[in-house]
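Data block below; observations after.
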Amino acid sequence: MTWVVRLIVLLPALAGLAGLLTRRRRAVSAGIAVGTATAVALLALAQWANPLRTADIDSFGGLPLLDLSVPLHLLSDRLSGLVSFVVAVVVLAIQVFTVWYLREDKRYGQFSATVSLFAAGMLLVVQSADLALTLVGWEIMGWCSWLLIGHDTERYAARRAAYKAFIVTRFADIGMVIGLVALAVRAGSTDLLDVLTVAESDGLLTVGLIGVLIGVAGKSGLFPFHDWLPDAMEGPTPASALIHAATMVAAGSYVVARFFPLYAVDDAARLLLAVLAAVTMVYAAVLAFAQSDVKRLLAYSTLSQIAIMLGALAAAPVEVGAAPAISHLIGHAFFKALLFLGVGWLAVLAGGTAVAKLRGQLRPRGALRWSIAIGLAALAGIPPFIGFFTKETVIDAAFEGVAEGVGIGAWLVLVALLVTVVLTAAYCTRAWLLLDGPLQARGSGSATDSAAAEPGDADTLAPEPAVAGSHGAGHADHAPITLPAALSVAALAVLSVVGTLFLLGVKDAVHVGLSTAVLSVLLIAGAALAVWVASRRGHDDAADRLPAAVLAAAPRGFGADGVYARFGLGVVALARVVVMLDRDVVDAYPRATAVTARGLGRIGERAHRAIPSLALVGLVVGVGLVVGLGVATWL
Amino acid sequence: MALTLLLLVPLVAAIVLLAMPAAAALDRVISLGASVVTAALGIFVVWAGDSVDVPWIRSLGIRWHFAVDGISAALVLLTVLLVVGVVLHALAGPTPSGGSRSTYLGAIMLVETGALATFLARDAILFFIAFEVVLVPMWLLIRRFGDDHVADETRADAAGRFVLFTVFGSTLMLIGILLLVSHQGTSDLEALARMHGAGLSHSLEVAIAAILLTGLAVKVPLWPLHTWLPSAHTIAPTAGSVLLAAVLLKMGTYGIVRLAVAAVPEGVIALSPILAVLGAVGVIWGGLACLVERDLKRLIAYSSVAHMGFIAIALASGSHTGLQAALFANIAHGIVSALLFFLVGDLKEQWGSADLSTPRVALRDRAPRFGVAFVFGLAAALGLPGLVSFWGEFLSLYAAWSPAEGVNVGVLRGTVVVGAIGLALAAAYSLRVARILWAGEGAPETAGEVTPAGAREAASEVVVDERGIRWGVVLVLIAVMVTLGVLPHLLLTISEMDAAALLTGVTR
């Protein structure tokens with residue numbers, strides 16, 4: 001059975017390579033991409049149904065180093081089986097959807113190949129039992145995200161967003177690399193089990209865990225690294241679905257979950273995790289509410305939801321473990337993939353993702369309307385959708401954390417969770433009222449319009465026409481959706497309803513407390529009602545009630561992009577100083593040596609010219625005198 | 001026998017090529033035949049573990065002693081195989097102006113001879129001689145066959161810098177070698193490694209190590225002795241740049257391992273904080289310079305300074321992992337920089353310059369082969385896992401975090417942080433280049449649609465994609481990069497035992 005585990009990683013990697021080689025032939029690359037995704041989903045199903053419970057599956061042999069053990073093992077247990085299965089299913093849905101979505105794109109082949117490779121990276125992180133392999137998968141995902149987000153390299157905004165995504169995450173990976181190295185040094189091994197068994201808390205552990213946490217904050221978009229994610233919406237919608245739903249951003253939660261036993265004993269790292277998660281949860285939810293572009297709204301909601309998973313890890317007591325976070329990861333994977341694909345589909349029909357474009361577009365759409373309704377309901381956490389169960393499990397875990405004295409971090413997370421429940425319900429209600437509202441609302445407000453014209457891109461230098469700022473816009477005359485693509489959306493909708501069943505096999509993955517459930521249902525209902533009232537029963541945009549300053553700044557993420565850009569400019573200024581120093585100081589010594597040598601040469605040359613020098617004349621005269629004197633005396 | 005032939009074949013070929021009249025057409029056959037035969041011999045020698053040891057200068061006790069072991073095997077393979085690629089590449093395109101093709105090829109073969117002799121030499125004096133053999137043909141490549149778009153003085157400056165810097169370094173190295181040899185009473189590198197510094201007082205050992213490291217640091221090059229590299233790389237023709245980056249720089253790090261680490265270990269450990277700090281400064285310095293550098297060849301040269309900085313950090317750790325990481329990163333940088341210089345050289349041949357600030361077409365669309373190859377090359381340059389450079393850099397950071405006994409842990413851990421920042425910088429500059437070349441940043445936004453064809457755009461629109469033999473060479477390099485990235489043990493096992501032996505002074 002171990003070959004199943006290996007194949008789950010190997011197949012998509014090979015599919016990525018094969019897809020790259022056959023990228024010119026659309027049918028072949030589509031066949032490879034979808035075929036492999038199906039095969040991987042089946043393999044993952046087999047692994048999940050019959051898990052091996054082992055952590056020493058050889059991948060390609062350990063590295064021959066004498067003072068460090070790098071076995072490069074893969075693992076297989078119920079958790080990894082379930083997560084790989086979910087990842088594989090979501091990837092399959094995305095691949096099927098992409099065949100239709102990028103039907104007219106001349107780079108479909110590259111795109112689907114990159115998605116395959118991306119999946120390989122994520123599955124490697126999931127199956128990895130070795131810190132080095134985790135880092136391998138982690139970085140491969142980062143690279144693929146660069147390729148996917150920058151898919152439309154013709155557009156400045158896409159190039160910039162791709163660059164930003166990779167640089168921000170890579171910057172955070174400074175922490176990741178140092179953290180993994182520190183953890184490996186502690187154990188003298190990169191093997192996950194070895195690292196986990198050295199459980200006593202010490203300084204090196206704190207350094208390692210905080211380092212890993214910084215890396216996770218980058219990839220998962222925790223504050224203050226969050227701003228790359230909304231910009232990543234410049235990528236085609238399937239790429240957004242992939243990055244947001246089951247891979248990349250979720251990978252951070254998975255990695256922290258694997259290290260949970262270590263985080264549980266290190267208070268400093270855990271408190272930092274709690275603070276970052278709590279801040280991001282609430283902050284991103286507020287921003288989501290005020291967005292004027294639906295894709296960006298979903299992006300901010302992803303940030304908030306990922307923070308919920310990490311919050312669960314920060315607050316859960318040791319006995320509960322990482323299961324609540326993982327179950328929310330899985331629930332989120334289903335409903336967020338559903339929402340992205342659904343909105344992508346809708347954007348093709350409506351010709352854009354700005355709220356102004358999509359307003360009221362959902363009402364006449366049948367199956368799509370239902371799918372998005374299910375997605376938003378699951379996101380808001382309305383029973384009986386999967387989001388309700390997983391979120392309640394997290395809240396319950398936080399309650400237990402508070403009860404069992406996990407400390408201030410658990411309190412922080414719990415409060416943030418309850419606030420986030422309200423905010424999430426609010427922005428979901430707003431999104432639904434806008435999408436499903438009356439087609440032509442009363443003047444949608446100039447603030448919304450101007451913001452929508454340029455979807456959140458802080459860089460006003462973007463040279464393309466304002467409307468083309470987001471990917472879907474170019475597809476107004478797109479072919480009607482194909483049955484497989486529609487089915488993949490429908491399948492995700494079904495999974496968002498019944499997906500809870502998957503979780504039942506995992507201990508503590510679904511654990512709903514009655515009182516907290518009642519409380520959050522009440523909170524959700526209250527928030528929804530408030531938004532409904534604020535929007536005058538769906539005739540207005542509820543966000544228009546926000547202060548104008550907030551409304552204007554929110555689509556740009558409150559200027560976070562500017563801070564990043566200033567940081568970048570600072571580095572470039574430093575680079576200019578370095579180049580100047582390199583030329584004028586470091587290289588001055590060799591040049592000075594050359595000048596000195598040449599000068600000395602000139603002096604020497606002058607001293608040896610054929611013209612008799614004064615000294616020589618003096619010498620000859622002197623010698624003559626002496627000789628003359630001698631001769632005269634002798635005579 | 002095979003080993004002597006391995007050195008003689010390229011040497012004879014070089015002499016014949018340099019001596020033959022410019023009009024003769026045989027140079028193609030000779031150079032290609034010689035490089036292929038050398039490659040076959042090289043593979044055989046590595047496989048058979050061949051060695052040769054006969055007296056040479058009796059009065060001085062210097063022996064004609066060449067052998068191959070785990071430390072040098074990979075470098076020998078890299079050299080012989082890469083030269084085949086360089087020769088194929090040179091034959092597949094126009095010869096750089098400045099002389100006849102046979103001279104050009106002869107210089108390449110002579111560089112190969114010197115490099116192979118350096119990697120195989122088992123006698124310190126022999127090592128020094130071989131080290132110097134490379135200088136003249138490389139000077140020829142830069143001075144005569146260098147970029148003819150620049151003034152003659154610039155070429156003279158680059159070539160002169162290269163020679164003077166390197167000679168300065170090797171003079172220091174010679175002083176170090178002589179000190180070492182006179183105190184230890186033998187110039188045999190194996191004996192010196194066995195002695196492992198025994199019999200030398202600590203201060204003497206530190207002094208010898210300091211002289212040797214300074215001398216070799218010029219070749220590596222370590223900050224602040226690197227300023228010859230960017231100009232040499234910019235001016236040198238493609239073959240020169242490739243050999244310089246992939247082979248010549250490695251002679252520096254190889255020398256550090258073979259001479260300093262093996263013969264004066266305590267001295268190296270005492271100096272390791274300085275070595276590590278200089279390496280770390282190089283990582284940051286090179287990375288930052290790459291962020292604003294406009295000439296692509298200079299940029300790759302500065303990135304070499306950064307990559308060699310990682311090797312210095314790994315060597316400074318003094319541990320087995322560190323040595324393995326250094327040897328691995330050596331090869332990795334050789335392959336990656338060779339790939340990048342081939343690509344940039346081919347572009348420069350078409351464009352006449354490698355200036356990044358000139359708006360160009362997006363290679364991704366207009367020359368997809370160039371595009372794909374650049375994506376691979378730049379991904380490797382930023383240390384992407386799955387490609388060859390990742391393992392060297394990751395393992396050197398690990399090694400620096402837990403260095404060998406006696407090495408200053410605090411300083412070394414500081415360099416880990418700096419090195420990790422350098423990885424982020426590598427990402428920033430690699431993607432900067434990708435954004436400009438691959439995605440066509442700065443190119444007219446509406447490429448493919450109706451544009452008022454400005455004269456400036458029109459000039460840069462012309463780009464012929466890689467094809468034929470040159471594309472084959474690039475593909476092979478990419479394949480090697482991926483293979484070693486996925487299966488790093490292929491290299492690590494070669495050097496495993498000998499690296500351990502070298503660190504402990506025990507001969508196998």
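Keep in mind that glycine also has a Cβ here, set from the backbone N, Cα and C atoms.
Positions annotated as transmembrane segment by TrEMBL: A:6-22, A:29-49, A:79-101, A:108-125, A:131-149, A:204-225, A:237-257, A:337-356, A:368-388, A:485-506, A:512-535, A:614-634 (among others). As annotated by TrEMBL, domain 'NADH-Ubiquinone oxidoreductase (complex I) chain 5 N-terminal' applies to A:67-111. As annotated by TrEMBL, domain 'NADH:quinone oxidoreductase/Mrp antiporter transmembrane' applies to A:128-401. Under the heading region 'Disordered', TrEMBL lists A:446-473.
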Self-check item: Arithmetic mean of per-residue pLDDT over the domain 'NADH-Ubiquinone oxidoreductase (complex I) chain 5 N-terminal' (A:67-111)
Solution: 87
Practice problem: May I have the DSSP-based helix, strand and coil counts for the residues of the domain 'NADH-Ubiquinone oxidoreductase (complex I) chain 5 N-terminal' (A:67-111)? | Solution: 28 helix, 6 strand, 11 coil
Quiz prompt | Folded-back contacts onto the transmembrane segment (A:6-22), same chain, C-beta under 8 angstroms, at least six residues removed | solution = 28-29, 32-33, 36-37, 39-40, 43-44, 47, 57, 59, 74, 84, 88, 91, 109-110, 112-114, 116-117, 119-120, 123-124, 127
Quiz item: Counting only residues 6+ away from its ends, which parts of the chain sit with a Cβ under 8 Å from the transmembrane segment (A:237-257)?
Solution: 79, 83, 86-87, 90-91, 94, 97-98, 101-102, 111, 115, 118-119, 121-122, 125-126, 134, 137-138, 141-142, 145, 148-149, 151, 212-213, 215-217, 219-222, 229, 263, 273, 295, 298-299, 302-303, 306, 309-310, 313, 322, 325-326, 329, 332-334, 336-337, 340-341, 343-344, 347, 471-472
